[in-house]
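Engineer: According to TrEMBL, the protein carries these features:
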COMPBIAS  10-19  compositional bias 'Polar residues'
DOMAIN    700-767  domain 'CBS'
REGION    1-31  region 'Disordered'
TRANSMEM  90-111  transmembrane segment
TRANSMEM  132-160  transmembrane segment
TRANSMEM  180-201  transmembrane segment
TRANSMEM  282-301  transmembrane segment
TRANSMEM  334-354  transmembrane segment
TRANSMEM  374-395  transmembrane segment
TRANSMEM  459-489  transmembrane segment
TRANSMEM  542-559  transmembrane segment
Amino acid sequence: MEEPRLVEEATTNDINGQSNEEERDPESNSLRQPLLKRNRTLSSSPFALVGAKVSHIESLDYEINENDLFKHDWRRRSRAQVLQYVFLKWSLAFLVGLLTGVTATLINLAIENIAGYKLRAVVNYIDDRRYLMGFAYFAGANFLLTMIAALLCVCFAPTAAGPGIPEIKAYLNGVDTPNMFGATTLFVKIIGSIAAVSASLDLGKEGPLVHIGACFASLLGQGGPDNYRLKWRWLRYFNNDRDRRDLITSGSSSGVCAAFRSPVGGVLFALEEVATWWRSALLWRTFFSTAVVVVILRAFIEYCKSGNCGLFGRGGLIMFDVSGVSVTYHPADIIPIAVIGILGGLLGSLYNYVLHKVLRLYNLINEKGKLHKLLLALSVSLFTSITMYGLPFLAKCKPCDPSLPGSCPGTGGTGNFKQFNCPNGYYNDLATLLLTTNDDAVRNIFSVNTPGEFQVSSLIIYFALYCILGLITFGIAVPSGLFLPIILMGSAYGRLLAIAMGPYTKIDPGLYAVLGAASLMAGSMRMTVSLCVIFLELTNNLLLLPITMLVLLISKSVGDCFNLSIYEIILELKGLPFLDANPEPWMRNITVGELADVKPPVVTLRGIEKVGRIVEVLKNTTHNGFPVVDEGVVPPVGLSVGATELHGIKKFFLHERRRTEEWEVREKFSWIDLAERWGKIEDVAVTKNEMEMYVDLHPITNTTPYTVVESMSVAKAMVLFRQVGLRHMLIVPKYQAAGVSPVVGILTRQDLRAHNISGVFPHLVKSKSGKKH
């Protein structure tokens, strides 16, 4: 089946009224006639690209639904029950850290051994001067490993392809991304990342580890996979959007910690990059999860140092230890440090721009079907093998320097100085960087006290190659991370700048490589605080703090002048309705009442409503919130909202129009039943006789929803919507009186997106975008 084009294009067509007749306005409430497009109607597309297909996107509801059932349950909870609930939160945080740490260790162990023994075999062929056989083995092994990763993603779990971080960021922002955290996705992500990284592709395991941690968190919170869930009563308390958000935040922190062995950096990554909502209790639990991950990694590394894990376990907890290097600064060093920062911002924004174009091109290829996806991945693998094996033949052999640390040339395919095709006593510096595992490549280029180890020509070739490979590899149907390719590119131009500034600086070239990697990451991903701590924990040298901070600040500032961060670009490409923290300046020039005017009339329900009316509303509307208004009553600001999802397969119909007693409702439902989502209205069979019966909505509606006055600016409403994590926001009139409707309208996430509003009010963007009020 063919896949639609980029959702961004579909959304634009939808707003401009150019979509085909089958597409409907998702905010329309008309129940009896076809949905019509209007030039002045606020419309949006509820679809986004998730995995390999366009899926219908729902918003999550992080608001507490304070209905009568919830209030009754809250009053009945004893202190012991509250403590048990808190204890389970910490227990799940522990399990998230434990599973993520063990899985990360196994992934590292598998990658280091598969890639390590593959490269050893290649080196043996080269030592015997059997170059063609060495290439056949290298390319064949990479081809097979890439095929395994691509087949798993294409056939079983398309959502496992890519890093998964943009989707996690969208989920924590309040966007439900279907099938992103399932058991199949988790399995494919683990096996696929092992195969893809072992295949020498220009990608890392860091992004997939973040996704893996989030998958573990989601599965633990819901009691296991969909078909094999644990039915333990207390686990049901976590099967809601609010608690699952906290668990997934802990899982993403644990994934970063497992990738970089950086517990504090993992917490700050979640705070700075992926989490929209934060509080102190969540901070402690995420820190606890990352502490568990570090303990697990430390224990496995100590065990593997004895040689029980093959080629794994030689790196230690600190991956690139430069603590023994004395770092001294001079006023003249400010110039090269500033240049590194500016270069990082320029190259990072350029990388984002070109990658954006490549991903759009890949979307055109991938929509042709599964075979084209597979062929694209295998073509990239073959090109990678040819360049990584062939380019070292262009490098000149360098004589070994007895003063340099380590054996030269290296033996067994490891170490800083690979002999490759060189005679005894010489080494090939380009082969040292290319024919090695990813972690070893970073260690080699970050190595200190080696000012003359790499030639300028080799570093230029290496930088150009990894720029090309990084652009063409990200986007193929395999699990992939962006961290490592960007680190390797940045470290290459950091080394080059160190050579150029050699006579004018005292800073070690290895430290320039660290600063170059940090600058490019800040220029592309636009992170500062978390990156700074991650690099400090990676290098184990606190003296790098001042210059690292300066480089990161300059890089981010320069990059922000040109385009968005790479993850925000991917969010836009996928069409995920992410709400940014900063509204557009022109959004202060329009009120929520004006937005309500360009939307179809809001659909309301009565407190005691006929079953047939409810079924009709649920089947003929695509939004998910309905104000419940009693006839003849002017309600206060607090109004109630009902949801369209099927909350449990239970019927509680009344033969006559009456209010139910509290005990009647409690016998049938608990507030947990209402928090869980089980299906859609189409899944319930309602007979003709039942259609004439009644439902009392009072006990199950949210009696304290968030409301805004119609005169509030859209910018202020959007900030409130995002920070609280709402799914619906009611608009109430500025003045309430008899005859005035108690509800002006209802806003959803799609209504507050600048892209959708600008399609209805283009004059605001053109004439007032530069004015701030």
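Glycine residues also receive a Cβ, built from the backbone N, Cα and C atoms like all the rest.
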Engineer: Sequence-remote contacts (6 or more beyond its ends) of the transmembrane segment (334-354), Cβ cut-off under 8 Å?
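Structural biologist: Beyond its ends, the transmembrane segment (334-354) has Cβ neighbours at 467, 470-471, 486, 489-490, 493-494, 497, 501, 504-505, 507, 512, 515-516, 518-525, 547, 550-559, 561-566, 569.
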Engineer: In the same chain, which residue numbers or ranges, 6 or more beyond the ends of the transmembrane segment (459-489), come under 8 angstroms Cβ to Cβ?
Structural biologist: 52, 146, 149-150, 153-154, 158, 160-164, 188-189, 192-193, 195-196, 201-209, 211, 259, 347-348, 351, 354-355, 358-359, 362, 366, 373-374, 376-377, 380, 383-384, 387-388, 391, 394-395, 430, 433-434, 438, 441-442, 445, 495-496, 499, 517, 520-521, 524-525, 566
Engineer: Who are the long-range neighbours of the transmembrane segment (374-395) in its own chain, taking Cβ under 8 Å and residues 6 or more past its ends?
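Structural biologist: The answer is 122, 134-135, 138-139, 142-143, 146-147, 149-151, 154, 199-202, 362, 365-366, 420-421, 428-431, 434-435, 455, 457-458, 461, 465, 469, 472-473, 476-478.
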Engineer: Count the residues of the domain 'CBS' (700-767) that DSSP assigns to helix (H, G, I), to strand (E, B) and to coil, and report the three numbers in that order.
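Structural biologist: Its residues fall into 28 helix, 11 strand, 29 coil.
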Engineer: Restricting to the same chain and to residues at least six past its boundaries, which positions have a Cβ under 8 Å from a Cβ of the transmembrane segment (542-559)?
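Structural biologist: Residues 322, 326-327, 329, 333, 337-338, 340-342, 344-346, 348-349, 352, 507, 511, 514-515, 518-520, 522-524, 526-528, 531-532, 535-536, 565.
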